[in-house]
Amino acid sequence: MDGAVMEGPLFLQSQRFGTKRWRKTWAVLYPASPHGVARLEFFDHKGSSSRGGRGGSRRLDCKMIRLAECVSVVPVTVESPPEPGAVAFRLDTAQRSHLLAADAVSSTAWVQTLCRTAFPKGGWALAQTENQPKFSALEMLENSLYSPTWEGSQFWVTSQKTEASERCGLQGSYILRVEAEKLTLLTLGAQSQILEPLLFWPYTLLRRYGRDKVMFSFEAGRRCPSGPGTFTFQTSQGNDIFQAVEAAIQQQKAQGKVGQAQDILRTDSHDGETEGKTVPPPVPQDPLGSPPALYAEPLDSLRIPPGPSQDSVYSDPLGSTPAGAGEGVHSKKPLYWDLYGHVQQQLLKTKLTDSKEDPIYDEPEGLAPAPPRGLYDLPQEPRDAWWCQARLKEEGYELPYNPATDDYAVPPPRSPKPAPAPKPQGLILPESGTTRGSGSKGFSSDTALYSQVQKSGTSGAWDCGLSKVGNDRAGVKSEGST
């Protein structure tokens with residue numbers, strides 16, 4: 001059996017059905033050896049670890065903690081300790097966290113012994129005892145301004161699946177450290193057991209944070225290194241993380257107020273020192289002595305550097321040249337400088353001679369008489385459309401243009417349609433029983449006359465005779481006599 005490094009009573013906190021309670025146990029710490037790994041075992045009472053076989057006492061539910069899986073061992077503060085004067089510390093592994101407690105001296109010894117056994121390369125030393133010699137030649141004092149990067153509480157958490165955690169690639173278990181100015185997420189190195197920072201969130205960039213019985217979550221702002229989003233971590237110490245973060249934020253606010261007050265006091269003292277002093281009047285500077293600065297004036301008010309004056313085209317109207325400006329210096333006259341003078345002289349000559357030709361620019365714009373109206377200046381609406389009586393329009397420009405003949409493709413004129421011959425009328429017989437008198441002067445209106453054409457043998461003329469229809473019919477001249 002391996003020899004124990006340390007053993008003694010320890011209070012172990014267990015949670016069942018939502019209720020937390022402390023249970024007194026007997027803990028035994030074994031180091032790593034050829035016969036076993038470094039571990040921490042718990043028993044019901046003292047002496048149970050020395051018994052073997054079936055006669056030994058029953059172990060607790062938390063049978064053994066392998067120190068190879070230990071992540072951190074840190075002292076913590078609890079609201080309800082198991083007994084007065086007890087100090088608690090937390091042992092975090094890759095699977096869960098264990099909250100232990102003992103009296104003040106034993107708790108410190110347990111923390112240092114566990115750290116030395118679990119982390120042999122950390123250089124942990126036991127607390128000084130009274131038997132150890134005291135070196136008075138060199139005294140070391142702690143710097144109150146020194147703030148190590150690892151200062152704060154560490155909590156074992158498990159990342160939950162959210163949009164932000166998937167974007168950052170968070171999966172599995174991590175260490176969440178609550179520092180003075182930020183939250184830091186740590187992970188174990190691939191080759192070494194050293195904690196390496198993975199992500200951090202400053203308190204000033206956190207939008208909100210909260211806790212639950214089984215988790216702790218916060219919402220990061222868009223200026224955080226991880227980007228915006230909600231991060232949720234599963235842990236049984238959500239309330240402890242929440243209180244630690246709240247205390248760090250309140251402390252940071254207090255430091256900010258103290259800094260602002262110091263700045264105000266410095267400003268007031270500086271104003272009080274300069275209040276009794278007379279400020280000398282500013283010395284006027286010669287604008288011509290020193291060149292102006294590059295950005296002394298805005299862009300729209302920059303002055304043009306002095307240079308030889310040149311008159312541009314249409315720079316000044318006729319007669320507005322200042323007197324004495326060009327005396328003694330023969331300056332080149334601009335182009336079209338006497339155009340307006342010639343135009344005015346022509347207008348005067350035109351008015352005096354009263355010429356019939358319209359000169360150029362004879363009258364100002366807007367005063368010239370209106371030109372005579374053309375043929376199509378006053379369009380008229382078509383009226384009396386009923387007078388056309390649906391007659392065809394004259395064909396003309398609506399016909400297609402023929403480029404070969406350079407003329408419109410006018411169809412040939414149409415010949416007039418022949419008039420139809422009159423249809424012959426049938427013979428109308430008088431009604432039976434009607435008698436006509438011999439003394440009648442003419443024929444009745446309903447009597448049809450038929451001419452009988454006969455050809456004479458001698459003269460070759462046609463003789464027309466009337467056949468007697470009745471007794472009263474008179475003779476009719478032949479068509480040849482007409």
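Every residue, even glycine, has its Cβ placed from backbone N, Cα and C.
What Swiss-Prot records for 410-423 is compositional bias 'Pro residues'.
Taken from Swiss-Prot, the feature domain 'PH' applies to 4-119.
Sequence annotations record features per position, and here Swiss-Prot assigns N-acetylmethionine to Met1 based on similarity to another entry.
Swiss-Prot lists Ser48 (among others) with the feature phosphoserine.
As annotated by Swiss-Prot, phosphoserine applies to Ser269 (among others).
Among the features that Swiss-Prot reports, phosphoserine is placed at Ser290 (among others), with the record citing similarity to another entry.
Under the heading phosphotyrosine, Swiss-Prot lists Tyr295 (among others).
Among the features that Swiss-Prot reports, phosphotyrosine is placed at Tyr336 (among others).
Summarising the annotation, Swiss-Prot assigns phosphotyrosine to Tyr340 (among others) and lists a large-scale study or a structure entry as the type of evidence. In this structure, Tyr340 (phosphotyrosine) is part of a helix by DSSP. The Cβ of Tyr340 (phosphotyrosine) has 13 other Cβ atoms within 10 Å, all protein chains considered.
For Tyr376 (phosphotyrosine), the count of additional Cβ atoms within 10 Å of its Cβ stands at 6 [all protein chains shown]. In this structure, Tyr376 (phosphotyrosine) belongs to neither helix nor strand by DSSP; it is coil. Among the features that Swiss-Prot reports, phosphotyrosine is placed at Tyr376 (among others).
Per Swiss-Prot, the feature phosphotyrosine maps to Tyr397 (among others).
According to DSSP, Tyr408 (phosphotyrosine) is assigned to a strand segment. Marked as phosphotyrosine by Swiss-Prot on the basis of a large-scale study or a structure entry: Tyr408 (among others).
The DSSP secondary structure for Ser415 (phosphoserine) is coil. For Ser415 (among others), the entry in Swiss-Prot reads phosphoserine.
Residues annotated as phosphotyrosine in Swiss-Prot, with a large-scale study or a structure entry given as evidence: Tyr450 (among others).
The region 'Disordered' annotation in Swiss-Prot covers 269-328 (among others).
Annotation comment: Swiss-Prot describes 353-373 (among others) as region 'Disordered'.
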Residue pair Ser415 (phosphoserine), Tyr340 (phosphotyrosine) - Cα distance, angstrom, rounded: 70
Residue counts (helix, strand, coil, in that order) that DSSP gives for the domain 'PH' (4-119): 21 helix, 55 strand, 40 coil
PLDDT averaged over every residue in the domain 'PH' (4-119): 81
Cα-to-Cα gap, Tyr340 (phosphotyrosine) vs Tyr408 (phosphotyrosine), nearest whole Å: 53
Number of other Cβ atoms within 10 Å of the Cβ of Ser415 (phosphoserine) across all protein chains: 6
Packing count at Tyr408 (phosphotyrosine) (other Cβ atoms within 10 Å of its Cβ): 13
Distance from Tyr376 (phosphotyrosine) back to Tyr408 (phosphotyrosine), taken between C-alpha atoms, in Å: 24
